[in-house]
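Copying in the features that TrEMBL gives for the protein in this structure:
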type: BINDING; residues: 169, 179, 202, 204, 267-278; note: substrate binding site
type: ACT_SITE; residues: 276; note: active site, nucleophile
C-alpha cells in the first residue's frame, strides 16, 4: 500500500533531519545581514555538504482586502490574534534604549513549525566545487560580454554545463515526476513540448508567505539554454508564456496576488543552462543581487529588444552583467577581458593601495 501525502511529507522531513544530524561543520561560506541568510560548509558521510539557513518572514493567518485610493482591492495582512503572532507570541523582551516616543528592544517570539517557523533550511548534498564557489563569499565585478567574448569564452562553457548529467535534476522535474507535490502549474502537451512549461516554488521561498513568493517556470524546450539563444522567432513564444504566467499564477493563490504584482525576469548568467523564468512578488526585495541590474532582465524588456537585435537575436548583443570571482567564467577569461575593457574605455589604472593609502607617490 502506497503512503499518503502527509506520510510522504513526514518521510521526506525525517530524511532531511537525518542528513542534517550527520552534518559535520567545516566553515562559514557566507553570512548576509540583508537577506538574513547564512551558508555553512561541512560534510555528511565524508562528502561535501552545504546548509543554508534563512530567517523566515512573519507568516499570516488572515488575508483581508480593502479598497485602495485607486479603487483596486489591495490585500492587507493581519496576524495579531493567535498565540504565535508577532505580538501575542512574545515570550521575552529586552529593552535596548528609549528616546522620547521611540523605543527599541530585542525579543524572543514563540515558535511553531506550522504557524511561526524560525528559518528555512536548504541542503545541497553531495555538493560539488561549483556549488561551494557559488555560495562562498566573493568579490564581484561588472563585465561587458561582447558577441566575440560570448563565442570565444562563454559559449564553450555553456556547452560544457549543459550536459545531461549536470541537468539530471531538471529532467527529473520535467519527465520523472520529481517534486510533483510542489508543482504549482503544469502546461504539458506531448505533441507540443515547445510551448510546454512547469511552474514550481523556487528553493528561496518557504512556500507559505505570499509577500515573499518566488516561483520558477522551467520550459520543456531544450534548444534555449540562456537568453543568448533567444531570436526574433522566439518573441511570440516568450510573450505567450509570459501572458500565461500572469494569467494563471494569481488564480493559483486565490488572487492573493495580482498580475501586476509579479516581477517576471530572466537571469544572465543563470545558475543552470536550461531556460527558466523567475516569478517574484514585487514586495520581495530581500534577494540580494538576484533582482538587481546586472543580473535580472525583465521579460518585458527581453521581448521588446527582440524587435531590434537582428536575425541572431541576443547572440549579437553586448551584455553587461555582474560576475563573481568564484565563477568558472571569471577564471576562464572574463578576468582578463575586464582588464582589457578598462584600458579600451580609457579608465586610468588603479594605483597600488596599502591600508587604504595610495603608494603611487612614495
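In case you wondered, yes, glycine gets a Cβ from its N, Cα and C as well.
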What's the CA-CA gap between residue 269 (substrate binding site) and residue 276 (active site, nucleophile) in angstrom, rounded?
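With the alpha carbons as reference points, the distance is 12 Å.
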Out of 169, 275, give me whichever of these binding-site residues has the highest number of other Cβ atoms within 10 Å.
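In terms of Cβ crowding, the pick is 275.
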Got a sec? Which of these binding-site residues, 269, 271, has the most Cβ atoms within 10 Å?
269
Starting from the Cα of residue 276 (active site, nucleophile), work out which of the binding-site residues (169, 202, 267) are within 10 Å.
267
Around residue 273 (substrate binding site), how many other C-beta atoms are within 10 angstroms of its C-beta?
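Its Cβ shell of radius 10 Å holds 22 other Cβ atoms.
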Could you tell me which three-state DSSP class residue 267 (substrate binding site) falls into?
strand
Sequence gap of 6 or more, Cβ distance under 8 Å: name the residues on the same chain that satisfy this around residue 267 (substrate binding site), in order along the sequence.
278, 290, 295, 296, 297
Kindly assign residue 273 (substrate binding site) to one of the three DSSP-derived states: helix, strand or coil.
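Coil, per DSSP.
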Within its own chain, what residues at least 6 apart in sequence put their Cβ under 8 Å from the Cβ of residue 202 (substrate binding site), listed in sequence order?
214, 215, 216, 278
Mind giving me a neighbour count for residue 276 (active site, nucleophile)? Other Cβ atoms within 10 Å of its Cβ, every protein chain shown.
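If we count other Cβ atoms within 10 Å of residue 276 (active site, nucleophile), we arrive at 21.
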What number of additional C-beta atoms lies within 10 angstroms of the C-beta atom of residue 277 (substrate binding site)?
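Neighbour count, Cβ to Cβ under the 10 Å cut-off: 21.
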